[in-house]
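Read the structure below first, then the notes.
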Amino acid sequence: MSVSDHAPIGVLVMSYGTPESLEGVEAYYTHIRRGHPPTEEQLEDLTSRYRAIVGGVFPLRENTNRQVEALQRRLDELGGQGRYVCYQGLKHASPFIEDGIAAMARDGIERAVGIVLTPQYSSMSVGGYLKRAREAAERHEIAFAGVESYHLHPVLIDALAQRVNAGLVKAGVSADEGLVLFSAHSLPARILEMNDPYQDQLLETSKAVAEAAGISRWQFTWQSAGQTGQPWLGPDILETLNGLAKENVNFVLVTPVGFVSDHLEVLYDIDIEAKRHASELGLALDRIQMLNDDPKYMQALADSVIGTVGGFDAKTDTAGKSQP
Ligand SMILES: CC1=C(CCC(=O)O)c2cc3nc(cc4[nH]c(cc5[nH]c(cc1n2)c(C)c5CCC(=O)O)c(CCC(=O)O)c4C)C(CCC(=O)O)=C3C
Ligand SMILES: [Fe+2]
């Protein structure tokens with residue numbers, strides 16, 4: 001490859017994306033549904049969930065912006081000014097993944113690393129982001145290498161463990177009194193037949209955090225499953241809470257390990273829906289503070305990006321390979 005080793009490296013920081021306004025929910029939802037507009041009822045259901053959490057700005061947009069800025073600062077500190085240049089690329093909203101790569105091409109970037117703001121790999125989540133980024137990079141003749149996962153990065157585990165301990169302290173519960181309930185976004189159950197590493201990586205993250213936090217009582221559960229007519233991974237968090245109430249657990253600290261920001265699936269699905277359900281069961285439910293732009297999370301991201309520089313040759317790139 002004829003690329004100078006000192007040329008700036010583009011870093012495509014990818015996240016799910018969120019609407020810019022309540023009027024933008026329909027277009028966003030249509031994009032998620034691969035071009036099929038939602039029914040009026042579906043649209044009203046999603047809009048009302050956003051109304052419940054949005055105070056003027058959509059939290060995920062602000063948080064993603066802050067994460068990208070904070071990662072840029074961390075990379076400047078580690079790599080020197082100008083070595084890494086971050087661009088944002090969203091899956092379902094503007095600036096889209098393809099917009100981020102096009103911006104790199106306009107700036108003369110010749111090599112790019114892509115990283116997604118979720119720690120665990122699934123072919124249906126991170127795999128989809130990286131595929132779109134790689135295809136756009138190929139069109140612009142940018143060499144591309146993707147970070148597939150960082151779910152056991154020691155600094156990430158440390159940051160999550162700290163938040164678990166802080167959550168227990170805040171509730172006045174000792175490490176062996178309350179139950180820590182790790183959670184992540186469900187996916188269609190057919191991923192299990194595809195040997196997808198998603199579930200294993202989520203359990204690995206959960207176990208490592210429990211160990212680092214000194215927790216003995218923990219479980220993992222799914223949340224935010226879609227309604228598509230096909231089975232999704234379970235048990236769902238509401239079902240899990242039913243079981244815990246029967247086992248006389250009285251405090252649950254929800255620890256979403258597949259999400260890194262405050263957004264709809266946390267602020268609505270956990271803070272409103274799961275909390276209401278728990279209170280009906282006589283169960284106290286709290287949640288850890290999300291990572292957002294936590295310096296330790298930024299360190300884990302920066303380290304993962306820097307560790308991937310070198311895997312550039314498109315032929316030896318990790319395309320399509322599933323992570324152990
Ligand atoms: C694995 C995964 C993550 C975690 C990894 C990652 O971060 O990528 C994630 C995150 C998020 N999902 C989000 C929002 C939504 N996801 C939906 C629908 C879906 N999610 C799916 C999967 C995931 N989603 C899937 C398989 C669908 C079915 C449609 C499809 O096959 O694509 C729908 C449609 C309506 C509904 O089902 O509720 C919405 C509104 C928001 C943004 C919230 C905000 O705006 O604050 C975030 C961070
Ligand atoms: Fe989603």
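A Cβ is built for glycine as well, from the same backbone N, Cα and C atoms used for every other residue.
Taken from TrEMBL, the feature Fe-coproporphyrin III binding site applies to Tyr16, Arg33, Arg49, Tyr50, Tyr129. The Cβ of Tyr16 (Fe-coproporphyrin III binding site) lies under 8 Å from the Cβ of Leu60, Leu90, Lys91, His92, Leu117, His263, each of these being in the same chain and 6 or more residues away along the sequence.
The feature Fe(2+) binding site is assigned by TrEMBL to His185, Glu265. The DSSP secondary structure for Glu265 (Fe(2+) binding site) is helix.
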Original post:
Among Tyr16, Tyr50, Tyr129, His185, which binding-site residues lie by ligand 1, judged by Cβ under 6 Å to any atom?
Top reply: Tyr16, His185
Original post:
Which state, by DSSP, holds Tyr50 (Fe-coproporphyrin III binding site): helix, strand or coil?
Top reply: helix
**OP:** Measure between the Cα atoms of every pair in Tyr16, Arg33, Arg49, Tyr50, Tyr129, the residues the record assigns to Fe-coproporphyrin III, and report the largest value in Å, rounded to a whole number.
**Re:** 25
Original post:
Whole-number Å distance between the CA of Glu265 (Fe(2+) binding site) and the CA of Arg33 (Fe-coproporphyrin III binding site)?
Top reply: 17
**OP:** Using Cβ-Cβ distances, find the residues under 8 Å from Arg49 (Fe-coproporphyrin III binding site) that belong to the same chain and are at least 6 apart in sequence, listing them in sequence order.
**Re:** Leu264, Tyr268
